[in-house]
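Quick notes on the structure that follows.
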Ligand code: ATP
């Protein structure tokens with residue numbers, strides 16, 4: 001018999017239907033038993049009467065979180081959670097769960113959530129909870145929304161390799177791997193390749209893929225592997241064009257989430273406030289907060305800046321622009337009249353960096369000079385430098401951390417909660 005998703009039972013009252021899912025609760029009361037069955041669309045109460053002998057006997061052998069297929073009559077029942085229940089005629093056990101669950105899916109009254117490390121050890125059970133699955137439904141919709149934007153605005157979708165002959169950023173955070181008779185590096189970003197696509201004349205590209213960072217950090221916003229979204233645009237006049245595009249891209253994502261799974265989500269308004277690093281530092285100092293570096297902001301400064309801007313403008317988003325050159329990569333373009341200031345920016349959402357972007361330096365000689373100034377080995381960058389030798393449009397783009405967007409959107413305590421299987425210094429399993 002064709003399966004009915006629990007969400008659709010309402011339309012099938014009076015019919016014999018088959019549902020499939022996990023057994024969330026079991027309540028035996030003499031000659032009657034009640035089950036709550038859960039599938040990805042919702043929960044349904046199932047009543048099992050002693051008169052259906054076989055189903056009733058099977059029900060006695062059931063354990064919590066077993067997977068079953070139940071056929072029976074869908075009927076209205078005012079007492080049941082959604083106003084309907086299924087009177088089981090047949091119960092087939094598709095997978096019997098061990099009686100001792102390592103972590104609970106449903107809490108007893110007053111029960112507490114298991115600590116994160118143990119939950120991540122048993123991630124597949126942890127993810128059975130509504131609020132966990134919901135995180136990934138939100139991500140799915142966000143991605144649908146941003147892709148809608150890229151599709152409607154002539155972006156070309158490309159994928160970049162993860163193996164690289166040279167590290168994509170300065171050396172420290174790179175994973176080195178054995179690659180036959182030599183070393184290779186796992187991409188810390190698709191930076192070089194998206195710029196190559198600009199040199200190839202693609203004009204607008206969108207990339208998603210895994211990003212690897214050998215960051216020995218134990219923060220709530222870093223992992224060693226994460227999904228990145230990147231886009232790059234040609235023929236821009238300045239980094240402000242990139243920020244404009246990013247605002248529209250994100251709003252399209254937020255609109256899709258709001259329309260489908262999170263109606264309470266506020267859709268940000270354009271333009272997002274843009275504050276220079278100099279202004280930001282002054283604002284923060286006035287509040288008695290000063291970080292160690294004048295060319296970057298500490299997590300505390302980021303949080304406080306987000307809060308101040310929210311207070312002043314009502315915006316959850318703020319662009320921090322005009323980063324000093326000593327805090328930025330060699331390929332960020334600098335102002336002709338202020339060679340120490342880059343056309344680089346970060347986007348902060350509710351006090352956390354979610355995007356880095358910039359206009360890139362596309363002029364070969366200037367790029368080479370900047371690389372040398374940063375002490376880079378230009379010869380080892382030859383493969384990259386050559387992209388700019390045979391004609392390359394002015395361009396700029398962004399690297400976006402969707403996990404961090406979801407973390408902030410849903411007020412999650414860590415980016416790991418927004419990741420199916422987080423990877424960090426200690427964890428590479430399951
Ligand atoms: P941070 O300063 O927070 O360490 P970053 O400046 O190293 O971040 P970028 O290299 O600019 O980050 O990467 C682009 C985006 O990718 C960031 O804005 C962030 O959203 C995301 N991101 C960077 N590193 C990580 C990480 N280790 N885990 C998860 N997301 C990350």
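Even glycines carry a Cβ here, placed using N, Cα and C.
What TrEMBL records for this protein:
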- 169, 213, 356, 360: L-aspartate binding site (BINDING)
- 213, 214, 215, 353, 401, 402, 403, 404: ATP binding site (BINDING)
- 136-430: domain 'Aminoacyl-transfer RNA synthetases class-II family profile' (DOMAIN)
- 191-194: region 'Aspartate' (REGION)
- 81: site 'Important for tRNA non-discrimination' (SITE)
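What TrEMBL annotates, mapped onto the structure for a quick look.
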| residue | record | Cβ neighbours (10 Å) |
| --- | --- | --- |
| 81 | site 'Important for tRNA non-discrimination' | 12 |
| 213 | L-aspartate binding site | 21 |
| 214 | ATP binding site | 15 |
| 215 | ATP binding site | 15 |
| 353 | ATP binding site | 17 |
| 356 | L-aspartate binding site | 20 |
| 360 | L-aspartate binding site | 27 |
| 401 | ATP binding site | 24 |
| 402 | ATP binding site | 22 |
| 404 | ATP binding site | 22 |
Original post:
How big is the Cα-to-Cα gap, in Å, between residue 214 (ATP binding site) and residue 356 (L-aspartate binding site)?
Top reply: 18
Subject >> Among the ATP-binding set 213, 214, 215, 353, 401, 402, 403, 404, as the record gives it, the longest Cα-Cα distance in Å >> reply: 19
Original post:
Which of the binding-site residues 213, 215, 353, 360, 402 has its Cα closest in space to the Cα of residue 81 (site 'Important for tRNA non-discrimination')?
Top reply: 402
**OP:** Could you round the CA separation between residue 360 (L-aspartate binding site) and residue 353 (ATP binding site) to a whole angstrom and send it over?
**Re:** 20
**OP:** Give the distance between the Cα atoms of residue 402 (ATP binding site) and residue 356 (L-aspartate binding site), rounded to the nearest whole Å.
**Re:** 12
**OP:** Using a Cβ cut-off of under 6 Å to any atom of ligand 1, determine which of the recorded positions 81, 214, 360, 402 qualify.
**Re:** none
**OP:** Can you check which residues sit near residue 403 (ATP binding site), meaning Cβ under 8 Å from its Cβ, same chain, 6 or more apart in sequence, and list them in order?
**Re:** 223, 226, 227, 415, 418, 419
**OP:** To the nearest whole angstrom, state the Cα distance for the pair residue 213 (L-aspartate binding site) and residue 401 (ATP binding site).
**Re:** 13
Subject >> Cα separation, residue 401 (ATP binding site) to residue 356 (L-aspartate binding site) (Å, whole number) >> reply: 9
Original post:
By the DSSP assignment reduced to helix, strand and coil, which category contains residue 213 (L-aspartate binding site)?
Top reply: coil
